[in-house]
Amino acid sequence: MNSALPEDVKNLLTELETFLLDVLKAETLSKKGKEKKEILIKRLKDIKHSYPQEFQDKAEDDDQEENDGFPLPPDAVSLASDRDKDEDLPYDGSFYPPVAAQDLEYLKAGYLEKRRKDHSFFASEWQKRWCVFTNSLFYYYGSDKDKQQKGAFSLDGYRAKMNDTLRKDAKKDCCFEIFAPDKRVYQFAASSPKEAEEWINAIMNSRGIIATEDEELYDDVNQEIDASLEEDIYEELPEESEKPVTETETQKATPVPVNNTSGKENTDYANFYRGLWDCTGDHPDELSFKHGDTIYIISKEYNTYGWWVGEMKGTIGLVPKAYIIEMYDI
């Protein structure tokens, strides 16, 4: 009679099996590596055959954990049993009947990497999913040919925004999340930052939401300024490089009255700032200045991230807005 396996040993064997069958499936192995993989899989099968009751109980426990806490309708049992172990029911316990991916009338669909809510040491944290959203629901499938979804949730109350803290690899700037107060956050990675922005736009537009400054599409100001923008800035520099400095000196002597409403002059004065503290740029595209220096603000395009584009003494660069203050009280 076989003795019982310790729980931690069973868990380790289960994770090892997941690693061999799922994680290594997408890897290119050498001939020797493939042979070793097959040997380990065979040994795992032999162990499971030697302890059938142990692993049968484990499978039943997993199914029970998947359904705990949510009352499922009788016809939902088969659907729940077919879900991946990493997939879960909607936060609010709602049940969405199975629907084939190709039967949906959608606003946007495509392959994304979905971050698993829970993942083991060996199992991949991100899984490729065919994602589809309609006017009110977001579905995700194993592929675009699947007859039923892996999961679904209502978009009611949800918003979408970029999140560059989810990964540290090449897809760091391709990640976004769908979130709502007191609800589960769903996190995804697209194939490119542009595709992620398209998903965010589509989701926000479908909800009739206008993005606030905090939810505007991500544009990393630490990266180099877009080539076309940079060219536009420096093309104007020869004509205007000395002008802001001259105007600044004049304004120091004769500040504009608060009630001045003279169109362009008023606008120009409003764009003059002075340094609150010394600031040394960490990157070539950042402007360095000292306390009291006069800076002319050209653009507030990166306001969301706390940066503006400024010009000082013929040099143009990014300026942290927290380090400057308006020169005149307009």
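Every residue, even glycine, has its Cβ placed from backbone N, Cα and C.
Summarising the annotation, Swiss-Prot assigns region 'Disordered' to 57-84 (among others).
Annotation source Swiss-Prot lists compositional bias 'Acidic residues' at 59-68.
Per Swiss-Prot, domain 'PH' is recorded for 105-208, and the stated evidence type is sequence analysis.
According to Swiss-Prot, the feature region 'Disordered' maps to 236-261 (among others).
The compositional bias 'Basic and acidic residues' feature in Swiss-Prot is assigned to 240-250.
What Swiss-Prot lists as compositional bias 'Polar residues' is 251-261.
Here Swiss-Prot flags 268-329 as domain 'SH3'.
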Handout entry: Counts of helix, strand and coil residues, the domain 'PH' (105-208), according to DSSP
Key = 17 helix, 38 strand, 49 coil
Exercise for the section: Would you report the average pLDDT that the model assigns to the domain 'PH' (105-208)? Expected result: 89
